[in-house]
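Listed in Swiss-Prot:
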ACT_SITE  88  active site
ACT_SITE  90  active site
ACT_SITE  215  active site
């Protein structure tokens, strides 16, 4: 499979994986053929990279949790040591015109996701006193925001669910909002604090505007697997790109451009279904059965999206 060869070359020559405390993480891999492979562990990033070159999976995931024995298949035997606090903002979950209209990587939809990520970061820092330590472009239609701090590692599912409810303004009542914030912070930090309440100043007349659209399942799950920063997204061929918080002040086109892994050469793609649109800055129009010569990153994207097949 030609795409697999490109993935292998990326992991051999270009990949810059960013996973801290590798030896305490469970890794999981989705191969190009076959089912998910889980409960893998590695001593360091170099050992992980050698595995990626040898096996070349389509997707690479790692646990937000740290374990004493990450290789154990029985979750009870892994020895849970705490979990990063991770928030997933996905264009698939945003009810905006741009995200509803497009299922490919759309710059307009990504702008909406970026704005939601900035909103989340404001709430975390200004209202809850949490400092995001890592932001990752997912390589598809969203962003992952990581908080890695001693005070959040030990939070259980209940506390994380309370935090999600706060972010999504579940049960919002303006007359009781100060009390609600206080209760949430008592649950999370065992101290009384009200926070800056930026969202009240911005949107008190519209409770819907107070919500931050995060995927609650990702944040609540203390054993969650999430895409490894620096790995390739097997749906697009783009890099799951580590970013700084300041990168979210830039246009998303700049972020997507940086995430393109395959910048050299062209590939021929035989279309198995019609397509018309813009793919990674390239306008493409084809009927079923057409053969087009396209930039490598565009052809790989379209094959991974099952619009056609690359051939020699």
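Placed from the backbone N, Cα and C atoms, the Cβ positions cover glycine too.
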Pairwise Cα distance for residue 88 (active site)/residue 215 (active site) [Å, integer]: 5
Whole-number Å value for how far residue 90 (active site) lies from residue 215 (active site) (Cα to Cα): 8
Cβ neighbour count within 10 Å of residue 215 (active site): 18
